[in-house]
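Everything on this sheet refers to the single structure shown next.
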Amino acid sequence: MKELSKAYNPQEFEADIYRLWEEQDLFNPDTTHPDGEPYSILMPPPNVTGVLHLGHALENALMDIMTRYQRLQGKRTLLLPGTDHAAVATQAKVERLLVEKGIKNPREEFGRQKLLQEIRTYAEESKSTILSQIRKMGTSCDWSRLAYTFDAERSEAVNEVFYRMYHDGLIYKGYRVVNWSVKGQSTCSDDELVHIEREAKLYTFKYSDDLPFAISTTRPETKLGDTAIAVNPNDERYKKYIGENFIVDVGAIKPLKLKVIADENIDPEFGTGAVGVTPAHSPIDFEMYEKQKADGNPIDLISVIGPDGQMTAEAGPDYHGLDVLAARQKFITWLKDNDLFISEEEISQNVGTSDRFGDVVEALPMTQWFVDVNAVIPNRGKSLKLLMKEAVTTGLDGDKKKVVRVTPKRFEKLYFNWIDNLRDWCISRQIWWGHRIPVWYCRDCQESVVSDAKQCTIILQRHGEADSNANDYLNSDVSKVNNRLTEKGRKQVLAAVKKMPQINAIYSSDMERAKETAEIFAEKLKLEIEYDDRLREVGVGDFEGSPDVGDGFNQTRAKFSAWHHDNPHGIESFDELKTRVFASLTDIAFEHPGETVLVVTHGDIARTAQGLHENISDEDIFHLSYPDTGESFEIKITPVTCECGSHDVYQDEYTLDTWFSSGLWPFSTLGWPNNSHDLKDFFPTSWMQMGYEIIFFWMARMILMSSYTLNEIPFKDVYIHGMLRDEKGQKFSKSAGNGIDPVEIAEKYGTDALRLSLISGVTPGNDSRFYLEKVESNRNFINKLWNISRYIFMSSKAKYSDSVPSHSAADDWILSRLNRVIDAVNQLFADYNFSQAAELLREFTRDDFADWYLEIAKVEKKKDDILIYILNNLLRLWHPFIPFVTEAIWRSMGEKSSVMVSSWPKVKSAIVDQEFEAAFAVIPEAITKIRNVRAEYRIDPGKKIPLRINSNAKETMLADNLEIVKALARLDSIEFVSAKPDRSASVVIGPIELYIPLAEVIDIDQEKERLSKELEDIKKYVNSVKKKLDNKSFVDNAPKSVVAGEQVKYEEAEQKMILLHKQLEELK
RNA sequence: GGGCAAUUAGCUCAGUUGGUUAGAGCGCAUCAUUGACGUUGAUGAGGUCAGAAGUUCGACUCUUCUAUUGCCCACCA
């Protein structure tokens, strides 16, 4: 047995222990419990937008506690780690950082490839930080199964699901009013809106004098696009006009034709009871537009606001180019000038803002991709909406086994409410960081193709610096110059090799400088090189060997039209260049679907490939920047063949909502769409935890995707946790400046203390507070456990054995307690009540074990085996909560394998004896009462005093365990007496009377007061119980056991009362 | 506008099908401490369970209403 160091210093062992677990592959269920019953938890993937915060730390603690608990039960437990590319969140973040660095418009200045490269670099960095932080939290996840929502496997799943939904008619492209963030230049879904309340003005006016209506609006500028007036069909004032058309001229490009339409939802009481209908800029009005169209009574749709947030030409020459606020003022002025303005009124209104970009969104009509939540799924007879509902109510198709249990249950209501109000989900985004929509358009026949082909990731690597770069001359003819890499160039390549991800194949231009570069890669990556002359640098014609100055090569090309189709000065035409690059890369993609390929090539070729990939104009391609020598960027090409046979397709440039890929997480991480073992074994997953703020975003989407794709629920149980708040109850946020770095806390107090603090006080679904005092007290507690162990190791030489003989009442007591605690902890785990489980363990460890049993053990001696036994059990019970310290102590105990793969203690019910425990309680009670008297009379704690016991207690538990009382209450003599000695303090415990003869210190008055006070208390109690028992209806109606219990209480209390009374009498 | 949650000791919170003399931790007070642990121990003070009504033999617990706080949802233009 190793001695534990004197102080508990988590910094000394936590990192080593985690490394050891990893080295022994203990997080991998296939290593530890290959034959156990599968149990799986998926980590909600943190966004790669920054660093781990306290909320993540809480989630890690919760998941890991559950994982370690299940693993100790012998289950084949998988906790699968991963991260989320978080499309818009990440791009918004990186753009913000770039703007801070002085780049005003990153998208314009960088272009797609370069910005994506920036984002990717940021994301990868953030990812590796987060992963190391997860390790720091002690999370026992299986790193061999690490996933990323944006990696090749997950992309494959995304495309496959899109493909299926499209062919099932659940995904459609439609012209609809969507939420548009002008600042982010992208759509967002309804769920991504954050509603804020703000003051606004409600204006009332007429379109023209001829019109019998006045209308009210908060957005006068949109009225330039009005095409109807809606009234309630039962509104007597306006009924007669329904169906009529009015022509008004409010200054738009042409006069507006306004049809009066009826709509039930119009409130006749609000405003004037007539509503100007702007189908293009209001989702509700758009619905009216759709309805009118469906009814064969179409109205127009005029878009007067553009994606740039400015008025369009449709709005008329007076307004065109103005931003909305300026247009509003101008329109109001016009109304006033023409005596059409009636009134304005301050109202408060709710507006939707973009959760990532923060601006108020505009409603704009656009062509976007949607998931239809109401359409009937072929062969299923029900809609996605219905599937989502079934999964939480009856189970899918009524199968009770396919039902998600939500803890706490009240969140189900929230979920249903959301489903009921759900509209079609807009899944296309105009940002670049994300999964491209897997739709291709054919350049030959103009048709679109939705393909489930696996995309090939191509890393375009420019060769390292060559002689031509260093000495500035052009070289594209392999036969003319032997242009090799410089020393610097080779170094660049070696550096690039280190950064290279897993590669399946290498292709290279056959020019010397590329060849040389490729060879370095090939050697290091142990791959063969395929040479392709179509990857050669652009042909420079007559400029071969000369520096590119004056009227040289690039000047010639700058006159774009001159070499577009032709070959001025013998240079390669752009058409020829594009054709060979496209053909080469397409061939590669078809050769390596689903793989990552390194293509070593030249600057101009890389840029041309990039341009082709982005589907931008030839001239724009020419103006793209090169990658630097030795640098690379990646593009993804999916080998798609159009129905017409052409490979000449380009992909839709929109990307998918990030929640589309997150929704697939429960199965995409387990190998779907491939028929993997993991999918069979671990899906549906067993348990999932998440914060209530992502129930709509994530839980709902996972249920949608799983029930659609696999006709299964994604998880059997979902545990909803609350948010962490600071000590004042405020949210943690950067802007509030109250952020706490979990890693810093872990470093200072130890991860174990952090974990315990995070979950303490946490109940399902409720917010909890986090503050340093909590961490400190938990650290102190762990230190206590450390010292308990240290003491036991110092005093005991025993080895753990699964069964230990009991030598005394105290032994029986502690063993019974232990088993009862194990039982209770199991129950608390079953209810996901982690905080209480830890609380219970803490109580047992500190109060029962350390404060009582260890002290008793010092008196009774020879308890080595029991001490070790209990400690061993305790370490296993504590391990899910505080994995590091339990492992450290476990190893010191001489155990060879890890505590994390030992076994969860079994309840030995034969040992549990609650009655005996209750009987034993007299001993601590007696000791406490005596200590109490000592404290009251200020007796020096070191001084030993005598004790007399009324002899009627001779045959009790107390009489059998006097040695314990003697030592712990610091007594020098104990005798049984038949009468109370003179001048002594007395206490009553049930039927037992204890006397403490203290002639020299005793104060009769003080003693009288003390006893009187106690007598008063007990009298009150006796009376209340008596009243109850005298109440006939109580005796008649209450269950017998309750009445009997009250009777016992009464008798005991009464006896105590009599004894106290007697003692008080004796004092007089 | 609709909904959800919370309200228990100075602070943070338990209290799981109605029966407890309503608990814990921190803080506070008093005392102790060469001892496994001062990152400690012993002892104590402190609450009409937000308010009102109701159901019941019995309410912190169930019902209704009220108040305060927080959160979520929502197409009064």
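Counting begins at 1 with the first residue displayed.
Even glycines carry a Cβ here, placed using N, Cα and C.
Residues or ranges marked as active site, tele-phosphohistidine intermediate by TrEMBL: A:H463. Note on A:H463 (active site, tele-phosphohistidine intermediate): other Cβ atoms within 10 Å of its Cβ, all shown chains, come to 30.
As annotated by TrEMBL, active site, proton donor/acceptor applies to A:E537. A:E537 (active site, proton donor/acceptor): 24 other CB atoms within 10 A of its CB, across all protein chains.
DSSP gives A:H463 (active site, tele-phosphohistidine intermediate) a coil state; it is part of no helix or strand. Look at TrEMBL and you will find A:R462, A:H463, A:G464, A:E465, A:A466, A:D467, A:S468, A:N469, A:R513 tagged as substrate binding site.
Residues or ranges marked as ATP binding site in TrEMBL: A:K734. All protein chains shown were included, and the count of other CB atoms within 10 Å of the CB of A:K734 (ATP binding site) stands at 9. In the three-state DSSP assignment, the secondary structure recorded for A:K734 (ATP binding site) is coil.
What TrEMBL records for A:17-482 (among others) is domain 'Aminoacyl-tRNA synthetase class Ia'.
When averaged over the domain 'Aminoacyl-tRNA synthetase class Ia' (A:643-765), pLDDT in the model lands at 92. The annotation domain 'Aminoacyl-tRNA synthetase class Ia' is assigned in TrEMBL to A:643-765 (among others).
The domain 'Methionyl/Valyl/Leucyl/Isoleucyl-tRNA synthetase anticodon-binding' feature in TrEMBL is assigned to A:811-946.
What TrEMBL lists as domain 'Valyl-tRNA synthetase tRNA-binding arm' is A:1003-1068. Counting residue by residue with DSSP, the domain 'Valyl-tRNA synthetase tRNA-binding arm' (A:1003-1068) contains 61 helix, 0 strand, 5 coil.
Residue counts for the motif ''HIGH' region' (A:46-56) under DSSP (helix as H, G, I; strand as E, B; rest coil) come to 3 helix, 1 strand, 7 coil. According to TrEMBL, the feature motif ''HIGH' region' maps to A:46-56.
Residues 53-55, 723-725, 770 of the same chain lie 6+ residues outside the motif ''KMSKS' region' (A:731-735) yet bring a C-beta within less than 8 angstroms of a C-beta in it. According to TrEMBL, the motif ''KMSKS' region' annotation covers A:731-735.
Note on proximity: of the recorded positions A:R513, A:E537, A:K734, the one nearest A:H463 (active site, tele-phosphohistidine intermediate) is A:R513, by Cα distance.
Comparison of A:17-482, A:643-765, A:1003-1068 by number of C-beta pairs under 8 angstroms to the domain 'Methionyl/Valyl/Leucyl/Isoleucyl-tRNA synthetase anticodon-binding' (A:811-946) places A:17-482 first.
Break the domain 'Methionyl/Valyl/Leucyl/Isoleucyl-tRNA synthetase anticodon-binding' (A:811-946) down by DSSP state and the numbers are 100 helix, 2 strand, 34 coil. Around A:A466 (substrate binding site), the same-chain residues at least 6 positions away in sequence with a Cβ under 8 Å from its Cβ are A:N475, A:N483, A:R484, A:L485, A:T486, A:G489, A:E512, A:R513, A:T629. Cα to Cα, A:S468 (substrate binding site) and A:K734 (ATP binding site) are separated by 50 Å. Sequence-distant neighbours of A:G464 (substrate binding site) (same chain, six or more apart, CB under 8 Å from its CB) are A:L485, A:T486, A:K488, A:G489, A:R490, A:K491, A:Q492, A:V493, A:A496, A:R513, A:E516, A:T517, A:T629, A:G630, listed in sequence order.
Each of A:A470, A:N483, A:L485, A:T486, A:G489, A:T517, A:T629 belongs to the same chain as A:R462, A:H463, A:G464, A:E465, A:A466, A:D467, A:S468, A:N469, A:R513, is absent from that list, and has a C-beta within 8 angstroms of the C-beta centroid marking the substrate site. DSSP assigns A:S468 (substrate binding site) to a helix. A:K734 (ATP binding site) sits 41 Å from A:R462 (substrate binding site), taking the C-alpha atoms as the reference points. There are 20 other CB atoms within 10 A of the CB of A:S468 (substrate binding site), with all protein chains counted.
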